[in-house]
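Peer 1: First the structure, then my questions, so here it is.
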Amino acid sequence: MTARWTTAVLDTDQPGGMAVARSPEGFLFDDNGALFPREWLKRQDLSILAEHGIGHLDGESVHLLELRSASEVPGCSWKGLRAFMLEGDHTIYKVLGYAAQIGTWAREHRFCGNCGQPMTQVPRERAMYCQPCDLRSYPRISPSMIVLITRGDEILLARSPRFVTGVYSTLAGFAEPGESAEECLIREVREEVQIEVKNIQYMGSQCWPFPHSMMLGFHAEYAGGEIVCQEDEIEDAQWFNVHDLPPLPASKSIARYLIDVYVARRLGHAEPVLPG
Ligand SMILES: NC(=O)c1ccc[n+]([C@@H]2O[C@H](COP(=O)([O-])OP(=O)(O)OC[C@H]3O[C@@H](n4cnc5c(N)ncnc54)[C@H](O)[C@@H]3O)[C@@H](O)[C@H]2O)c1
Ligand SMILES: [Mg+2]
Ligand SMILES: [Zn+2]
């Protein structure tokens, strides 16, 4: 089976195809969704900051129009990426997730970080270029570790003050320069709950375009310590029995996948598949 969506660096001088428009208020959509005929979209009253050719969906080219601000387009509204993830078709969410990461990068790399002069788009490469500095800036990806810690029938879940009321999830945190994935995991777990872990096992990865995380998922076993929550970051953390779990994260997240795999193994059920 061929993939419906493949990324590509397309020439913005070539006309036609489809396009998505992204503003600080999210993606433009109407009754037909978030993809519009590109030439029609460019005739609307949009304040375009940058245009990037991003790939092919079902054989058609797709471009991104990154906008300064959200403007009125008759019959259309704006909606954030998270809503597309929760409600919509997974392939469309992948297109928009990629568009969002390219849009964030394009918006934040208009000027050279070394000399402050405007940068230009490199043809056929996903890079912004400063000629005087001979400096290229590529889209930023932030590696983040995410881990389910278990102790027999119990799993450790925590709440950040940012979570939806009642929801508990696995621990996560960004890698810092100088550390391996495993060192990052051990540090984050110590910082957030003061627990020690052992038998760290890699489970899989997921792109998390909010705004540019690359989630590396692990399973680890409890090795010692009592839960002490990190002030401001962790509101509550508890051991939950697999038979009595609190409200969990969204089904497409790797956090949910790590939990569901372990619960399935404990209960002898079929294991879920990690959404890409
Ligand atoms: N897909 C999933 O299932 C899932 C689940 C949980 C968390 N996440 C994601 O994992 C990431 C990390 O989780 P967290 O919020 O607990 O991180 P964290 O524990 O590292 O704490 C967040 C803090 O890290 C710092 N920070 C922000 N961006 C950073 C970056 N790019 N590099 C280094 N430090 C940075 C900030 O001080 C921020 O307050 C977030 O993007 C979060 O959305 C994804
Ligand atoms: Mg964290
Ligand atoms: Zn420069």
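Cβ atoms are placed via backbone N, Cα and C, with glycine included.
Whatever TrEMBL says is automated annotation, not expert-curated.
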Peer 1: Looking at the divalent metal cation 1 binding annotation from TrEMBL, with Ala172, Glu192 already listed, which candidate in Glu125, Glu231, Glu233, Glu235 is the matching residue?
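Peer 2: Site partner of Ala172, Glu192 for divalent metal cation 1, according to TrEMBL: Glu233.
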Peer 1: Check TrEMBL: it lists Glu125, Tyr138, Gln206, Cys207, Trp208, Pro209, Phe210, Pro211, His212, Ser213, Ala255 as binding substrate. Then name which of Arg38, Arg43, Arg68, Arg82 it lists for that same site.
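Peer 2: According to TrEMBL, the candidate sharing the substrate site with Glu125, Tyr138, Gln206, Cys207, Trp208, Pro209, Phe210, Pro211, His212, Ser213, Ala255 is Arg82.
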Peer 1: List, in residue order, those binding-site residues out of Cys115, Cys133, Glu192 with a Cβ under 6 Å from any atom belonging to ligand 3.
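Peer 2: Correct list: Cys115, Cys133.
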Peer 1: Could you check which of the binding-site residues Cys115, Tyr138, Ala172, Cys207, Pro211, Ser213 have their CB within less than 6 A of ligand 1?
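Peer 2: Ala172, Ser213, in sequence order.
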Peer 1: Filter the candidate list Arg82, Cys133, Ala172, Cys207 of binding-site residues, keeping only entries whose CB is under 6 Å from an atom of ligand 2.
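Peer 2: List returned for ligand 2: Ala172.
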Peer 1: Near Cys133 (Zn(2+) binding site), how many other Cβ atoms are within 10 Å of its Cβ?
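Peer 2: Cβ-Cβ neighbours of Cys133 (Zn(2+) binding site) within 10 Å number 13.
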